[in-house]
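As recorded in Swiss-Prot, the features of this protein are as follows:
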- 1-16: signal peptide (SIGNAL)
- HIS119, TYR212: Cu(2+) binding site (BINDING)
- CYS130-CYS135: disulfide bond (DISULFID)
- ASN132: N-linked glycosylation site (CARBOHYD)
- HIS196: O2 binding site (BINDING)
- ASN197: N-linked glycosylation site (CARBOHYD)
- CYS232-CYS237: disulfide bond (DISULFID)
- 287-375: region 'Disordered' (REGION)
- 290-341: compositional bias 'Low complexity' (COMPBIAS)
- ASN325: N-linked glycosylation site (CARBOHYD)
- 347-369: compositional bias 'Basic residues' (COMPBIAS)
Amino acid sequence: MLFPALALLCPVLVAAHGQLSWVQVGTGPQYPAWTLDDYYTALYRESDPVWGALPEQKYTRKTDRTDLGFADIFSKSIATGGYEVCKRFDDMSPVGTIPAKAGDQVIVQWSSEWPSEGHPGPIGEWMAKCPNDSCTQVDATTLDWFCIAQHNYDAEIKKWPTEILTESLNRQWIFTLPTDLPPGAYLVRHELIALHNSTGPTPDLVSSPQHYPIGIEIMLDSSGTTLPTLTCKFPGCFSYDDYEWHHNIWDDEWQGLLVKWEFPGIAVYPGGYTTGVVNGASAAVKNGMSSSPSSSSGVSSSSSSSVASSDTSDSTTSSGVVAVNVSAASSPSSSISANSAMATGKKTCKRKKRSKIAGQKRHIHRSRVAHLDRH
């Protein structure tokens with residue numbers, strides 16, 4: 001039978017990168033995300049509709065990337081991670097819609113396999129309003145997308161957002177929904193970008209930045225009236241002209257140029273926010289208002305429970321991962337440092353040394369090898 005053979009492959013394939021386990025919006029429950037297990041269940045149901053079990057309803061858009069790999073920026077899958085499979089399996093198992101309120105915090109729980117060490121890069125969030133107050137089976141490539149958050153390199157602690165996520169104890173990432181959008185159905189796009197393989201300065205599909213998008217369907221309760229006009233479509237938001245295609249972060253790190261990083265695609269609309277450093281200046285902006293450089297990146301403070309409590313919004317900064325036992329009164333920058341240290345425990349220094357060596361062995365990319373040879 002096809003299904004058992006595919007099931008045996010799952011443990012090997014899942015280890016390649018990773019996937020979401022669940023999504024939580026505001027103080028709501030943890031909604032399960034679509035995983036490779038669901039994909040193989042749907043695949044078996046498709047081949048045997050009599051005996052094959054129906055996959056359970058999940059709350060993120062489907063993907064069929066069996067290696068959990070990145071999406072080509074020029075393909076339709078760049079929208080939410082799995083264009084063809086959404087059309088293929090949505091009748092079998094429709095994507096669930098999560099209720100949300102303006103200003104809610106969204107927690108995305110990544111699996112233990114991702115992001116693996118050696119995949120430094122930024123994190124971004126996008127939204128698109130669906131027609132007729134429903135995102136059910138809406139083609140994400142036809143929507144007008146606007147950017148609500150960009151999380152860039154943090155020059156204070158010298159880490160990329162994906163590195164902060166990797167070092168966090170529970171691998172959760174938090175972002176905030178805008179407060180000025182009109183109510184209705186939206187697709188939310190959460191994306192990790194890995195820059196370890198981008199060689200620059202000549203665009204090359206083989207040695208390219210890697211985008212890992214996830215799609216979440218929400219029904220937004222809001223009193224806002226502003227629908228952003230600065231939009232783009234996927235594919236189309238990203239191009240060869242973006243900064244990420246023309247720069248090697250390993251060389252930029254050696255030359256002190258990481259602070260020059262520019263996020264790909266269009267700018268964040270005024271109701272969104274940006275963290276980190278962009279083109280040499282602090283990009284700490286929230287809801288269109290400049291904030292102090294010290295708040296350019298942050299981690300949320302929470303209890304060790306993975307369920308958000310009612311006061312989470314009071315102790316969470318604009319970007320970050322859930323930190324355990326970090327005081328809400330501490331500054332965002334110190335919270336990140338504390339989170340990184342606590343995530344690794346007492347073996348922080350030793351682990352960093354081992355991971356650096358292991359990272360060089362695992363990721364023998366041409367750009368990194370060239371950098372090591374020269375320096």
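Glycine is no exception: its Cβ is also placed from the backbone N, Cα and C atoms.
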When distances run from the Cα of ASN132 (N-linked glycosylation site) to each of the recorded positions HIS119, TYR212, CYS232, CYS237, the nearest one: CYS232
Cβ neighbours of CYS237 (disulfide bond) where a neighbour is any other Cβ within 10 Å: 20
From disulfide-bonded residues CYS130, CYS135, CYS232, CYS237, the one whose Cα lies nearest TYR212 (Cu(2+) binding site): CYS237
Cβ neighbour count within 10 Å of CYS232 (disulfide bond): 17
Inter-residue C-alpha distance, CYS135 (disulfide bond) and CYS232 (disulfide bond) (nearest angstrom): 18
Under 8 Å by Cβ from CYS130 (disulfide bond), same chain, sequence gap 6 or more: VAL138, LEU143, GLY184, ALA185, TYR186, LEU187, GLU217
CYS130 (disulfide bond): secondary structure state under DSSP, collapsed to three categories: coil
For ASN132 (N-linked glycosylation site), the number of other Cβ atoms found within 10 Å of its own Cβ: 9
DSSP three-state assignment (helix, strand or coil) for TYR212 (Cu(2+) binding site): strand
